Amino acid sequence: MKPRRGGASRGYEEMDGANVPTYGGTRNGTSSGGPPSNDPSSPINNNNNSVVGGGVPPEFELASVSVVPDDTFTVTQAVNALGFGWFQVKLSLCVGLCWMADSMEMTILSVLGPALHCDWGITRYQQALVTTVVFLGMMLSSTFWGHLSDRYGRKPALTLCGVLLFLYGLLSSVAPSFGWLLLLRGLVGFAIGCVPQSVTLYAEFLPTKQRAKCVVLLDCFWALGACFEVALALAVGPNLGWRWLLGLSAAPLFAFAVITPWLPESARYHVTSGQSDKALTTLEQIAKDNKRPMLLGRLVVEGPSGSRGSFKALLGSSLRRTTLLLWFIWMSCAFCYYGLVLMSTELFGGKNKTITPDTENDCHPLATTDYMDLLWTTLAEFPGIFATIYVIEKFGRKKTMALQFLFYAGCVLLITVTEVRVFLTIILFMARGVIAGLFQAAYVYTPEVYPTALRSVGVGGCSALARLGAMATPYIAQVLFQTSIWSAVSVYGFFAVCASVACMLLPYETRGTDMGQ
């Protein structure tokens, strides 16, 4: 693809023959009164450098045509040609802040339950309900946000998400009763349901060669948010309580809400919605930020766009198998990830004993050593991320996810064979790293396998099923775990093995492929 020449009209191409001089009343070598001449000496058929048609040299004739009719390009070609540069770096920081805020709201669930148990005397089932209601809001809103993003754009949806998430997060810190807290945390979950759309927006601006690495590296912000939340809980929780912890945790949400007006809208969305001029403006901004020449030609749509935002299309004949398998994979991934987070708190908090009527309302607040062990296991996400970057490019998306599910199953089963705190920390460290990398591998694969017209609603549907798994996990990790550790870890091992099989049954491997428009 050639760079755009200075002065060329953006998004337009000249008609065939435009700016091509005629030769004494002829056009394309045909006189106005008869057929073209076959005389080799005719200036029209002369291929040497002599002057033709009244002194116009042939090279001037070619130079006068600024764009040829079939010189077109797609958003995929433009993004690949413009490469990775300052534009993507800025977008990484914006999307990363959103991801960090989401991580903090999720991580706080592991310490909020025990704090409420001590402060308000809530039962184990009520602790599980605090976690479940957040994921219920996320599940109910995922398809809503996906549909909104595909209809009106990724940027408006993320802007609304940032504002609502900050508002409900702050109000949660002043909830007067358990019922109000449940309502507000449910609304927090409703707003969080839009966060996966930030990954969709991010992936659509990444060149094919860098896409998998960049999306997986985005999980660094998630891990950073989780570590920051544990450190914040360690500093604030014992002295100021859970209300201050909830309030301070909303700070990154405020920062994200402020910067959302500067987020770029997806060029792929603009093209599929018939707004090619806006898409070209965005692509030119990428070229400017990355210091690359803009492409020459006319921007065109690649692939159909008639079923934009249609949830029904996800279950069409061409996508049904992929969609159903991905739904189960995402559900199992969230079930296993958040289950491990909650089990870590139970293990380090000294709660791994059988519940009796006399111990149901005992208060066992997390100690400093418990927070430190939680911080160590959370740090495991960083090596998990970098290992996934290597494996996902070497073995592909499907095999990577399948192997990670099997490794996770082996780790959680090892929890039952030791009670030594150091060994438990090591086991949880390995399991946390692999399941964190697995979650990001799923985020790499899913936007790649769906076309642009269905990408947001496809990711939203997967996110909704993931929340269903997350809704169920507190009753295993916080309730069943107290009755029988073996039963709880066996459930997680079973789902991980089944999900590994589902990964291998996926019909498409997307490594090295362009994102279809």
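Placement of Cβ uses the backbone N, Cα and C atoms for every residue, glycine included.
Bear in mind that TrEMBL entries carry predicted annotations, made automatically and left uncurated.
Record features (TrEMBL):
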COMPBIAS  28-51  compositional bias 'Low complexity'
DOMAIN    91-511  domain 'Major facilitator superfamily (MFS) profile'
REGION    1-51  region 'Disordered'
TRANSMEM  125-145  transmembrane segment
TRANSMEM  157-176  transmembrane segment
TRANSMEM  215-236  transmembrane segment
TRANSMEM  242-263  transmembrane segment
TRANSMEM  324-343  transmembrane segment
TRANSMEM  374-392  transmembrane segment
TRANSMEM  401-417  transmembrane segment
TRANSMEM  489-508  transmembrane segment
Legend entry - Contact call for the transmembrane segment (215-236) against the transmembrane segment (374-392), three or more Cβ pairs under 8 Å: yes
Inset, instruction - Establish whether the number of Cβ pairs under 8 Å between the transmembrane segment (489-508) and the transmembrane segment (125-145) reaches at least three, counting only pairs separated by 6 or more residues. - result: no
Legend entry - Stretch in 242-263, 324-343, 374-392, 401-417 most in contact with the transmembrane segment (157-176), if contact is a CB pair under 8 A: 242-263
Inset, instruction - Pop the mean pLDDT for the domain 'Major facilitator superfamily (MFS) profile' (91-511) in here, whole number is fine. - result: 81
